[in-house]
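One structure is given here, and the rest of the page talks about it.
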Amino acid sequence: MSGTATASAKVLVRIPWTFRMFFGILSDCFPIWGYRRRPYMVFGWIFATICLLLMVIFPTGDPYYGDPDLAYVAAANLTDDQLALINEDAPDAGTKFILLMIFANLGMTMAIAASDGVVIELAQREPAETRGSALTMMQVFKQVMSIFSSAMVGFGLNGEDFGGSFSGSMGVSAISAVCAAAALIATVSSWFFVAETKEPARSFREYVGLLFDLVQHRVVYQLIAFRFFYFVFSLMSVTAVSPIESLWAKVEPVNDAISSILAAIISAGSLYVIKRYGLTWNWRTIVVITQLSVVFVDCFPTFFTIWDVYRSQWMWLGPPLLEEVPSTISKIVSQYATIEIVEGGNEAAVFGLITTCQTIASPFSTVIYKNIDAHFDIGKAYLQVDDTYVRNQVTYCYLIAYAFQICSVAWVFLLPRQKAETLELKRTGGKSKWAGIITIVIFTFCFVWSIMTNLMTIFPSTSCLKIAGGTGC
């Protein structure tokens, strides 16, 4: 797949998380058998299990390159015999797996959205000085468990068909089977290990009215604005990341997995430091320092690789691991603020609303940099040529991305400094009906636009459109 299509596929798989708020509303308003959380968690995991089992059944098809070494040869230099080894239908064969992963994530989103209500209820029972500890430890555990999934994908898919060095691999079907088993375990655990009392259904119309009233409060729309605009800017990247990784840095899947494992360890470590020492730190200061530090560190291996000063898998994978720190910290501090503004009865929806802002920001950011990069010659065919002109083109794209990332810190003025300031803003910040309406309109537009343009990228008939990051049909 092209760099643009790969970037879109990564975004599309995460698109279901934008429905987190809507599943939260269902969980808050419509209990099943009297329970608001457990049935939705169970149904969500069952749906994810079914999608993963379908991925086990469907054939994956032949790889794009019949000979893996052809990936490093410019298209203009390929002989007729070599061209015969290229499977042009391979990218299209992957579409059904992308769609199944999207639906699997949709089921998981339903389960997680329902569990948000449980998490917030627990967090609000904590003393003010340690509030957020339970949420942080849950995130730490999530990062620790992601180590195993990264290891499985990295070592299990490090065969030659996937650009690796092993003689064989588990294959997509085996990976999907393991994930299906894990989802099935989550299904059983959700019913037997979560305790809740039965509650009556709520009026949907009244609930939505209360939710709209909440969005009108300054503390809420200000926090929504911070999460959206900060992440739109900080998540700016370059569509050529994946091709550069494979063609110039020659990163193998196993080393990419090791990098993901180290990233999870760094994330878990930074979360634990925040939980142990930083629950009272100034949130704005943390975000600014970590974000600027990461841009500074990341630019060196990036430009060394682009200009062939030194090209190495670990030069490409190593320093950028620090990018996990600002991303992790920004997520957790805004979740701390969310705990302070949530009121009884709407836990899942409000937590989902705030977290959805970042989820929408990611695909919208991708739409922006896809359209920017469409004006530069950084496609896979150009990267295979690897001359001064192409390196200049890639450099321009990265300079634009870094400029956006640096400017992301300008949005921290929207983030309260700490819990006390959040509560004070909630008490004295007032409300604005027009601000609430504008917030809803903007995010509805971004949501629809992001889904539409990213979907266009993975289908051959629309991937060439400029609106989808193509060069024009």
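Backbone N, Cα and C atoms are what each Cβ position is placed from, and that goes for glycine too.
Small disclaimer: the values here were computed from a predicted structure and weren't measured.
Pulled from TrEMBL, these are the features on record:
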- 1-198: domain 'Major facilitator superfamily (MFS) profile' (DOMAIN)
- 17-35: transmembrane segment (TRANSMEM)
- 42-61: transmembrane segment (TRANSMEM)
- 97-119: transmembrane segment (TRANSMEM)
- 140-158: transmembrane segment (TRANSMEM)
- 170-195: transmembrane segment (TRANSMEM)
- 228-251: transmembrane segment (TRANSMEM)
- 257-274: transmembrane segment (TRANSMEM)
- 286-307: transmembrane segment (TRANSMEM)
- 393-414: transmembrane segment (TRANSMEM)
- 434-452: transmembrane segment (TRANSMEM)
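In summary, the transmembrane segment (393-414) lies against the transmembrane segment (286-307): three or more C-beta pairs, each 6 or more positions apart in sequence, are under 8 Å.
On the 0 to 100 pLDDT scale, the model's mean across the domain 'Major facilitator superfamily (MFS) profile' (1-198) is 80. For the transmembrane segment (42-61), the partner stretch with the most Cβ pairs below 8 Å, chosen from 140-158, 170-195, 286-307, 434-452, is 170-195. Contact count against the transmembrane segment (286-307) (Cβ pairs under 8 Å) is highest for 228-251, out of 97-119, 170-195, 228-251, 257-274, 434-452.
Taking pairs at least six residues apart, the transmembrane segment (140-158) and the transmembrane segment (97-119) share fewer than three Cβ pairs below 8 Å and do not count as touching. Sequence-distant contacts of the transmembrane segment (257-274) (same chain, six or more residues past either end, CB-CB distance under 8 Å): 136, 139-140, 143-144, 146-147, 150-151, 153-155, 158, 281, 286, 317-318, 321-322, 324-325, 327-329, 332-333.
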